[in-house]
C-alpha cells in the first residue's frame, strides 16, 4: 500500500521538439520589442476606450461585438496595473507613463505566437507528414500581416487562435474516437471544442462561421456513426447526447457566461446607459440610480412622471411635447389638425414631464393618502410645461397616414372636441387590479374613443418637428410590440396646486436652459452623413489579390511607419492551392462516380477532411463578407487566410505523393528495371497519371477497373468498388 514510498515516482513524457522550437520562435517574433511604438496604433484607439471602462468599472455595451475580446484585452491592462486614465481620442497619440503598453498588447501577441505550433498540430492530426506540418507552421510564422496584427492591441489574432483551437480540438477528439471513446482525453477534447467555438464567437460575431463549420463536420461524422452496425442503439444514443451537450449546450452556456461576467464587472453608470431598460439603469451606481433614489414606487393621481418607450428603437426616447404645432399643410399636400406636437425625444428634458390626472377632478396634485392608479383605470395625461392634455383623433399622422395623429389638445373653438381619455393597460401585470409602478410596470395607453394605442413609429419628423421621432395612435393592434409599451422612469408626487405652479416646479427641477444644446445634439445624430468610404476600406476581391493595405501608424518626426500588408508570395500560393484543391476534388469526385478510384479509401477520406476544414474554413470566413453592408478592411480577411495557409502544404504534399509520383511511374517503360508497367494477357498497358484504366473482359465477371498504386516500389492493380 505504501509501495510508492519505497520506489521513486517516475513520470515520462513525449516532447515534440519541433513544436517546442516553433513555439519559441513564434514567441520571439511576436514579443520582441512589443511596446514599440509607444503610441496609439489604428484601432487601438477604439479598443482602448473600452479597456478604460473596464478599469473604472463603467458600464458600456459595444454593438459591434460580444464582450469577451474586450475582457481579454482588459485583463492585460489589469495585469499591468492600468488605472484606465488615458484619453483615447486620436491615432498616433503618445501613451502616457501610466499606460502599460507591453501588458495591453501581451495577450494578442501570445495568441499569435501559439497559432504557429497549433498550425503544425492541425496538419499533423489530419494525417499528413511532418514536413507538411512544419511547412504550415512556418508559413503562419513568417506571414507579415499576421505578425503585424498580433503585435498590437487588436482582436484578429485572438480570433484566429480560437478558430484554430476549435479545429485542432475536434481533430484530437475525432482521432481519439477510434481508440478510446468516452475516455477522459476523449471528453476533454470534445468539451474543449465547444468551449473554443464559444470563445471564437465571444471575440467577434464572425467567429460563428467557424463554429458552424465544426458543427457541420461533426454532424457528418455523427451521421456515419449512426450507420455503424457494430454499435448498439444505446451506444449510438450516448454518442449523440455527448456531442449535443459539448457542441450545442456548452457553447451557449459559455457565451452567456461572458455577458454575465461583463455585467458583473461593470456596476457604474456610463455613456451607454440609455440603450438599456430603466430598471437596469436604476441598478447601476450613479446616473439614473442617483436620480430615482427615494422616488415613490406607486404612481398615483397627481404624479409627475416621465414616460420612456420600452422598445428603444431607433434610439431610446421619452414621450415629449413642446409649444410648436403641426403645420397646417404637410409637404405632400395633406392637412393636419394644427394641434400641439407630441413626439419622442432621445434626451432627458423638462418637456418630457407629464402629470397623471383623474378625469373626474381638476386638481393636479397627489392626495394624502395617495390614490394609486391601477390596471384598467381611465386617466388623462397633462403636459407639465404647457398644461395641455394628451389627445388623439381621426386625423392622419404626419408620416404614418394609416395611423392617427397624437397631439396635445388646443381648443380652437371649432368642431373638433377633445378626445383625451386613455385606459391604462399594464402589460406585465400579475392580476387585473395591479398598481402602476415606477420603472417596474410596462404599460400601454389605449384611447377610449377610438381604441387606438399610443405608439412610437420611430420615423424622424422633418425640420418643423425638430427631427424628433413620430408618435402615433395605432388603430390596428398587431399584438404586443415594444413600440406600444411605456414605463415610468422618473417619478415624483406633485404637491403644488394649479397648472402654472406645476409647470414652474418642473422647470426649476430640471433646468430648461439645457434644451437648446440637447436639441442640437439630436440634430447631429439624426442628420444623415454621406456614405463616403473609409480611406483604407476595401472589398473582399481586393483581399485575394492583395490590392490594398492599411497605414496603421506614422511617426510624427521620422519616416517610421507600420502598414498592414500581406506577403504576396504566400497569399498568391495559398489562393492557387485553394484553386488546385477545388479542381482536384471535383475531378476525383467525378471519377469516383464512374467507379474509378484514384486514391485509396483512407487517403481519400483524409483528403476530404482536410478540404472540409481548411478550404471550408477559408470559404466560410471569406464568402459572407460579400453579403455584408459594412465598411470592410484588409484585416477582416486574416481568419480566412489562416485556414487557406494550412491548405497550401496539404496540396503540395498531395501533388508530390500522388500526382508527380504517378507521372514518374507512368514515364518508366514496362521492360525497364523496377518496371511500373502492367502486363495483362498479350497486351502491355501503361496506366497513367491520375489512374486512367483500360477495361478488360474476364468471362462473365463483367468489367473491372484497375488503377496503379505504389507498393514497395512496384505498381499493382487494386479494385474500386
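In case you wondered, yes, glycine gets a Cβ from its N, Cα and C as well.
Automated prediction, rather than curation, is the source of TrEMBL annotations.
From a predicted model like this one, the values you see are computed outputs, not experimental measurements.
In TrEMBL, the annotation transmembrane segment applies to 186-203, one of the ranges 186-203, 204-221, 222-239, 276-293. Within the set 544-567, 568-591, 664-687, the record from TrEMBL flags 568-591 under the feature transmembrane segment. DSSP places the residues of the domain 'MIR' (296-359) in helix, strand and coil in these numbers: 3 helix, 30 strand, 31 coil.
Same-chain neighbours of the transmembrane segment (153-174): 41-44, 47-48, 51, 65, 69, 72-73, 76, 104-105, 107-109, 111-112, 114-115, 118-119, 121-122, 125-126, 146, 185-186, 189-190, 192-193, 196-197, 199-200, 203-204, 206-207, 210-211, 214, 217-218, 221, 613, 617, 621, 635, 638-639, 642-643, counting only residues six or more beyond its ends whose CB sits under 8 Å from a CB of the stretch.
With Cβ pairs under 8 Å as the measure, the transmembrane segment (240-265) is packed most heavily against 58-79, out of 58-79, 127-147, 568-591, 603-620, 632-652. For the transmembrane segment (186-203), the residues of the chain that approach it from at least six positions outside its boundaries are 65-69, 72, 155, 158-159, 162-163, 165-166, 169-170, 172-173, 176-177, 180, 210-211, 214-215, 242-243, 246-248, 250-252, 254-255, 258, judged by C-beta separation under 8 angstroms. Between the transmembrane segment (568-591) and the transmembrane segment (632-652) there are at least 3 Cβ pairs closer than 8 Å, counting only pairs 6 or more residues apart in sequence, which means the two stretches are in contact. Note on the domain 'MIR' (370-427): DSSP counts are 0 helix, 26 strand, 32 coil. Per-residue pLDDT, averaged along the domain 'MIR' (370-427), amounts to 92 for this model.
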